[in-house]
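Enquirer: Got a structure here, written out as structure tokens. Questions coming.
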């Protein structure tokens, strides 16, 4: 048993925090604070990427956590972005005849939310199926819901950065919202970040690039996010090519997997509780056997004493 039992609930706490952050975006949207609303969605996406690794690190994965994560994704990346888009279009285009096309605005947001639900349902069902192709574990089927939510809000980012333009028109936004929803339920393979391995030769340049991106994100958040979303869209053709290449050459993935198996196992990084090595009470070990002095233990194990 861990000395800090509450630590095991940390992954679920991160999931609840992501859910709360996503719901808060609706409050900012009602107040017309579009950038704050999108920051909440972005923060929810970051938190969503942390709860899984935290559960594996603490060895506290559970069925409740998996179900809670799915509900959080549906709310934070499906319902909340749809409501945010609807509020934004109705407020921004209130003087441009949006009441005439209000059905189109709501229909596009509804299609996006339903596609998010279908995408999450398919993802949960695929977790229980064993795919005969091992390399498929390095890919998602369709665009995941967190980047899908950020892609759906790209017109709002363009509006905040450039003002009213072609990309903020009702028909364009509706078509874009439906298109993003369809990419989430599509069969387009997208590379999973957890499967990426950076070569040591590219580690320093990549680190410098990340620092530059963080600096630009701090001073130009809208423009930097738009560039990042554009880069994500441009990676989709490469992801499809990579998937087909591995499907034709599955031995390459097996060689990569064998190389990974020679490295220290990730299970050693889990925060498991170790049995105390020293005697606690009356010179006995936790199992009740008498504890030998340090010198005798060193001699029995064949180790040299430090002088």
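Including glycine, each Cβ sits where the backbone N, Cα and C put it.
OK, TrEMBL features for this one:
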TRANSMEM  9-28  transmembrane segment
TRANSMEM  71-89  transmembrane segment
TRANSMEM  101-118  transmembrane segment
TRANSMEM  139-160  transmembrane segment
TRANSMEM  166-188  transmembrane segment
TRANSMEM  200-219  transmembrane segment
REGION    283-307  region 'Disordered'
Enquirer: When you scan the chain for residues with a C-beta under 8 Å from the transmembrane segment (166-188), skipping those not six or more beyond its ends, what do you find?
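Expert: That would be 85, 89, 92-93, 96, 98, 101, 104-105, 107-109, 111-116, 118-119, 122, 141-145, 148, 151-152, 154-155, 158-159, 236, 239-240.
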Enquirer: By Cβ distance under 8 Å, which residues at least 6 away from the ends of the transmembrane segment (200-219) in the same chain are close to it?
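Expert: Contacts of the transmembrane segment (200-219) (Cβ under 8 Å, skipping residues fewer than 6 from its ends): 225, 228.
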